[in-house]
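Chemist: Structure provided below as structure tokens; questions to follow.
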Ligand code: PMP
């Protein structure tokens, strides 16, 4: 079978080396005669998986000691509710920076619990979508926290600035976490659904600063309560053990690959290859200003949308899968997370050139 490169935005491709290892130990993990899926989450063996996963993640992101690492249920959308219910305290206002679809989805959910101050940051520069510099963001002085989504997965827009505030900064890093180093100490809380750069769907990472615990609403469902999850070490109920184990394998793989500096270089190289070609070609276009282009999700349009279906069909035949843009924006999107090898992006660009030649 021809080699497949999967450009899905999530659940996304996982590192090949990890998948091969996991397959080899699927039915007999760690020489215990059963799979890791079939053992108690409270048993000694699984607790070692948990401890290793946390340690390796802390190493990768240099997470300071005053931050807790939680592995939760409910995806990033679960955090759209958990964040306001845990962090508002007696306050009623929170700033929500809006640069696209996922920020807007978080705002919609936050409206159930507070009055979100929507901080619109999208603008146009040289006819391209761009993000206003942080000094121009209209934050509210009464906000309990400032929420933003540094990488808009659908729109392919990245916010490179941090909000200029002394309030806790909350970041939905679902589609950018682990793609490069970050300074965790600048954030109050970071959350991310796993299914892009962490592991399979079903587990959600939360990194929360200690002083933000203890503000939860009375009515908060216990399973979303950060204090409870800290106290119970993310085992208030049965956790998604297989996803947790697999995330741990991805963290080991990242360390073996040289950590997040190495990932940054790898991701920049892939993104440059694709954006440079799209920019040079009259046949394809990307509508985002270079300063705000996503390293992870590269949307692009064909000059003639009538060719979209043919493009997707022929790409699929070449082993280039899941290139269809999100239904909200159309066109194409190549998601090139950590696990996507340079070879995958090179194969895509080669195909795009051939397609252009045949149809221009
Ligand atoms: N935020 C961002 C930035 C996302 O990309 C996604 C999913 N693509 C979500 C939130 C929602 O994640 P989940 O499906 O895990 O709730």
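Along the chain as shown, the residues are counted starting at 1.
Note: Cβ is positioned from N, Cα and C throughout, glycine not excepted.
Unlike curated entries, TrEMBL annotations are predicted automatically.
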Chemist: Per TrEMBL, which of 186, 195 sits in the pyridoxal 5'-phosphate site along with 76, 77, 102, 153, 172, 237, 238?
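Modeler: Among the candidates, TrEMBL records only 195 at this pyridoxal 5'-phosphate site.
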Chemist: Identify which of the following recorded positions, namely 102, 196, 237, 238, place a Cβ less than 6 Å away from any atom of ligand 1, and list them by sequence position.
Modeler: 102
Chemist: Who sits close to residue 102 (pyridoxal 5'-phosphate binding site): which same-chain residues at least 6 apart have their Cβ under 8 Å from its Cβ?
Modeler: 76, 149, 152, 153, 154, 172, 174
Chemist: So what sits near residue 77 (pyridoxal 5'-phosphate binding site) in its own chain, CB-to-CB under 8 Å and at least six residues off in sequence?
Modeler: 105, 109, 193
Chemist: If you average pLDDT over the domain 'Aminotransferase class V' (4-348), what do you get?
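Modeler: Mean pLDDT, the domain 'Aminotransferase class V' (4-348): 97.
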Chemist: Calculate the distance in Å between the alpha carbons (Cα) of residue 196 (N6-(pyridoxal phosphate)lysine) and residue 238 (pyridoxal 5'-phosphate binding site), and round it to a whole number.
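Modeler: Residue 196 (N6-(pyridoxal phosphate)lysine) to residue 238 (pyridoxal 5'-phosphate binding site), Cα-Cα distance: 23 Å.
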Chemist: Taking the Cβ of each of the binding-site residues and counting other Cβ atoms inside 10 Å, which one has the highest number: 153, 237, 238?
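Modeler: Of the binding-site residues 153, 237, 238, the most buried by Cβ count within 10 Å is 153.
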Chemist: How far is it from residue 42 (L-glutamate binding site) to residue 238 (pyridoxal 5'-phosphate binding site), counting Cα to Cα, in Å?
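Modeler: With the alpha carbons as reference points, the distance is 9 Å.
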